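Undergrad: For reference, the structure I am asking about is given below.
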Amino acid sequence: LICYNDHGYIGETSESCKNGETTCYEEXWTEARXXIIERACGCXKVKPGVQMKCCKTQ
C-alpha cells in the first residue's frame, strides 16, 4: 500500500507502507491559529480535538 505522507511543512510525498499495513490516515488539528494536516500509513487512536480519517486507498 502506498500512502501520502504530507506533514504540512515538507510538501506532499508518498511512502510504501511496511509490515503489511493496509490503511492510510489523515489527521488534522489547529495549532497557533494554523491548521495542521498530517498523513501517513496506519490508523491509530488520537487525542481529543484531533480529527482522524482512515482509508484503504488514497
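Cβ from N, Cα, C; glycine included.
I grabbed these lines from Swiss-Prot:
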DISULFID  Cys3-Cys24  disulfide bond
DISULFID  Cys17-Cys41  disulfide bond
DISULFID  Cys43-Cys54  disulfide bond
Undergrad: Show me the subset of Cys3, Cys24, Cys43, Cys54 whose Cα is within 10 Å of Cys17 (disulfide bond); these are the disulfide-bonded residues I mean.
TA: Cys3, Cys24
Undergrad: When the Cα of Cys54 (disulfide bond) is compared with the Cα of each of the disulfide-bonded residues Cys3, Cys24, Cys41, which one is closest?
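TA: Result: the closest of the disulfide-bonded residues to Cys54 (disulfide bond) is Cys24.
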Undergrad: Non-local Cβ contacts of Cys43 (disulfide bond) (under 8 Å, 6 or more apart, same chain)?
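TA: In sequence order, Thr23, Cys24, Tyr25, Met52, Cys54 meet the Cβ cut-off.
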Undergrad: Among the disulfide-bonded residues Cys3, Cys17, Cys24, Cys41, Cys54, which residue has its Cβ surrounded by the fewest other Cβ atoms within 10 Å?
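TA: Candidates: the disulfide-bonded residues Cys3, Cys17, Cys24, Cys41, Cys54. Fewest Cβ atoms within 10 Å: Cys54.
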Undergrad: Quick one: Cα separation, Cys3 (disulfide bond) versus Cys41 (disulfide bond), in Å?
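TA: Their Cα atoms are separated by 6 Å.
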